[in-house]
Amino acid sequence: MEDDSNHFSKPETPNSMKAEAEVEERDPESNSSLSEPLLKRNRTLSSNPLALVGATVSHIESLDYEINENDLFKHDWRSRSKVQVLQYIFLKWTLAFLVGLLTGLIATLINLAIENIAGYKFLAIVGFIKEERYLSGLVFFTGVNFVLTLVAAVLCVCFAPTAAGPGIPEIKAYLNGVDTPDMFGATTLLVKIVGSIGAVSAGLDLGKEGPLVHIGSCIASLLGQGGPDNYRLKWRWLRYFNNDRDRRDIITAGCSSGVCAAFRSPVGGVLFALEEVATWWRSALLWRTFFSTAVVVVVLRAFIEICNSGNCGLFGTGGLIIFDVSEVKVSYQAMDIIPVIIIGIIGGLLGSLYNHLLHKILRLYNLINQKGKLHKLLLALSVSLFTSVCQYCLPFLAQCKACDPSFPEVCPTNDRSGNFKQFNCPDGYYNDLATLLLTTNDDAVRNIFSSNTPSEFQYTSILIFFALYCILGLITFGIAVPSGLFLPIILMGSGYGRLISMLLGSYTNLDQGLYAVLGAASLMAGSMRMTVSVCVIFLELTNNLLLLPITMIVLLIAKTVGDSFNPSIYEIILELKGLPFLDANPEPWMRNLTVGELANAKSPAVTLSGVEKVSRIVDVLKNTTHNAFPIVDQDVLVPGTVVTGATELHGLILRAHLVQALKKKWFLAEKRRTEDWEVQEKFNWVDLSERELKIEQVAVTHDEMEMYMDLHPLTNTTPYTVVESMSVAKAMVLFRQVGLRHMLIVPKYQGAGVPAVVGILTRQDLRAYNILTVFPHLATHKEQQKHK
C-alpha cells in the first residue's frame, strides 16, 4: 500500500534504505525464523508494505471504495436521465446473471474432468488388484498422481503464483479494501481451473471449494472490467463499472457463486459471503448475490439431468457434492445432547490445535520455498508421493468384512465409486478402509456420511482414516497448487464424529452417519469460526432440516471453544501473508489513544492550494508516494458573511486525478478559478476513472512548469473527517465500515495559525501492529489488561 498520507517523522538513513532494497531483492518468501512474520515490516506508522498474494510477493495498496464527489461527478449525476439510471441497474443484474452462469458452467466442467480422470484411474487400479499385480498397481497409482500434481504445481509456480492456495484470504482482504495485484487476472483464472482439476484428481487432501470461490471472483472481476488487461473491451457501458466500489460488489457476487457451485448451496453461498469474506453489505447487494447463486443452481441442476442419462462419461453422483441423509429418522432424547456437546467441545479443541499446527507448518514451508521454484515443485511432489503411497498401501492393513444382506447398496463393488469396495478381499467380502481411501474426496465424505450402516466400518479403519487425514490435512495445505480447506476439514471432522458414535454404541439414538455430519460441522466451526453459513450449508448438503437444532448447538460450542485459543484459520493466513486486514473489533487499548496522537507521530500532511503552480504539483508527485492531498485555500471570504481571511478545507484530491490533469495539459496562464464549462469541455467522468497512469509517463515542459492548475473541480469536496480528539477505536470502526482509503483529521480548536488539517489516517495507521511499534507503552498496557 502506498503511504497514502505522510511518512513517519523519523528520516530514512542510507543503511535503512539499503536494507529495504535487500529485502525486496531476496526471495519474497524468505525468512530465517519460525517465530517472525513471513515478511518483515518497516517499523513506521505508515509504510509501503509487501505482502504475499497467492505465492508471490506484491506491493500492496488500498482501494478507493469512497464515492469521489467532485464537480464532475456531481454534474454527471445530475445530467443522468432515467433511462441511463435504469440502464446502469439493468447492467448490474446482467453481470450478476453472467457471473452465475459462467461460474456454474466452469464448476460443471471441473467436476466432469475430475470425476472422469479419477474414475479411469481407479478402474485401472481395480484391474491391477484383480490380477493381484499389487506392486504394478502402486507404481501406476503413484505415477498418475505424480504427473497430475506436477502439472498443477508447474502451472502455479511458473505461470500464475497467485493461483496457489485457496484464494479466500486474498479475496477477504480485497473486500476489506486491500488491492491484491494479479489476483483476478485471466492467467490466474485459467491456471486455477486446470490446477484444481490436476490437484483434486491426483487424490491430494484438498478440495475444489476454495478454488471455486476464487474462480467465481475472477470471472466477476473480468466481466466487470471488460476482460483481461491486454484485451479489455472499451464499450462505454462497461465503464460504468470501472471503479473499485462496483467491482467490489460484483466480486462479492462471484464469491457467493463459487461457494454455491462447490456445495450446491445457494443460501449458504450468500451467507458465506456475508459472514466470512464481505466487509461491507447492503440489501441491494444481498438480492444480486442471491440471484447469482440461483443461476448457478439452475445450471448445475440442468447438467445433473443431462449426466443422469449417461452422457458424461464416468460422471456419476459424485462430482457435485450432496450428501443426502433425508431418509434417516432423526430422533433424540435429552441424554443425546451430552455427546453432541462433547463433539462441539472436541471440534473447538481440535480446530484450534489444527490452526496452531498449520501456522507452524506454513512457516516451515516458507523456509523451504525461499530456496526457489525447484524446491516448491519438490515439496508438492513429495506430498503427492506420500499421499499416494498411504492411500494405496494402508487398505492392506484392514481386515476384510463379510457383506451383510441388509446393506442398502450392492456389496461388494469394484466400480470407481461405491460404499463397499472389494479391493483385495474375496467374493462376498469388502475392504472398509479402501472404501474411504481409494476414492475421490467427495465419495469418501459420502461414504463416511452413509446412514443406516452401523456395522459398515471397523474401529481401526476409522482410526487410521482419521489419523491419516489429520496428517495429510496439515502437510498438503501450503504446497504450490490450488487448494481448498473445506473438504480436508470435513474429512477429519467426520472421522472423529463417526468414531465417537461407534464408541457410544447403543447408548445413543442418533445414526452414525449423523454423528459424522456433526463432527465435520464442529471442526469447521472450530477452525474457520463460521456458524450461520456452515449451518445452512450442511442443511442444504444433507437435505435434513431435523438436524438444525443439534447442528446449531455443535457450531456454537465449537466456535466458542476455538475462539478462546486462537483466531480463525483465515485470519492466521492473512497475518502470515502480511495483508493489512482491518478487523471488525478494535483492540481495547485503542480507546486510550486519540487520532491526534497518531497524527503527531507523523510528519505534517502535504497540502496543495486550490489553484496551484504546476511545478509544485510535479514536485509533490515525484517526491512523495501519497495517494491523496488535502486542498486548502487561504484568505477565503466566508459565504453569507463579510468575514474574510478564513482558511477553507476545500477537500481531498487523488494522485490519479492530478496525473490525469497533467496529461491533459489542464494549465492556466494566470492564477484563477475556472468556469464549469471549461472543466466539462476538458474532462469527463470516464477520464477520472483511469488509475493506471504514472507521473513518470507524463512530460511537462519548462514553460508549463510556470503555469497554474485549478484543482477545485477535481477535488472531492466531501471527504470523511474526524476531530483530533476522537479515539482510534472509534475511527477504526468508521474507517472499516465505510470502506475508506483516507480519513482527514481536523483540529479541535479553530483560530489563527491553526492548520486546517492535522493529518491523514490510512489503513496502515490503524493497524494494531504498527501502532504498538510507535507506541510501545501500549503493549505493556495490553498485557496488563490480559492478566486482570
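Glycine is no exception: its Cβ is also placed from the backbone N, Cα and C atoms.
Annotations in TrEMBL come from automatic prediction, not curation.
Per TrEMBL, compositional bias 'Basic and acidic residues' is recorded for 1-10.
As annotated by TrEMBL, domain 'CBS' applies to 715-780.
Per TrEMBL, the feature region 'Disordered' maps to 1-38.
Within its own chain, the transmembrane segment (88-114) has Cβ neighbours under 8 Å at 193, 196-197, 200-201, 208, 212, 215-216, 219-220, 223-224, 237, 240-241, 246, 249-250, 253-254, 257-258, 260-262, 288-289, 291-300, 303, 307, 312-313, 315, 319-320, 440, counting only residues six or more beyond its boundaries. Among the features that TrEMBL reports, transmembrane segment is placed at 88-114 (among others).
Positions annotated as transmembrane segment by TrEMBL: 134-160 (among others).
Taken from TrEMBL, the feature transmembrane segment covers 285-304 (among others).
Residues annotated as transmembrane segment in TrEMBL: 337-357 (among others).
Under the heading transmembrane segment, TrEMBL lists 462-492 (among others). Same-chain residues lying 6+ beyond the ends of the transmembrane segment (462-492) with a Cβ under 8 Å from its Cβ atoms: 55, 149, 152-153, 156-157, 161, 163-168, 191-192, 195-196, 198-199, 204-214, 262, 350-351, 354, 357-358, 361-362, 365, 369, 376-377, 379-380, 383, 386-387, 390, 394, 397-398, 433, 436-437, 441-442, 444-445, 448, 498-499, 502, 520, 523-524, 527-528, 569.
As annotated by TrEMBL, transmembrane segment applies to 545-562 (among others).
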Tally of helix, strand and coil residues over the domain 'CBS' (715-780) according to DSSP?
26 helix, 12 strand, 28 coil
Average model confidence [pLDDT] within the domain 'CBS' (715-780)
90
Grab the same-chain neighbours of the transmembrane segment (545-562) for me: Cβ-Cβ under 8 Å, and only residues 6 or more beyond its ends, written as numbers and ranges.
325, 330, 332, 336-337, 340-341, 343-345, 347-349, 351-352, 355, 514, 517-518, 521-523, 525-527, 529-531, 534-535, 538-539, 568
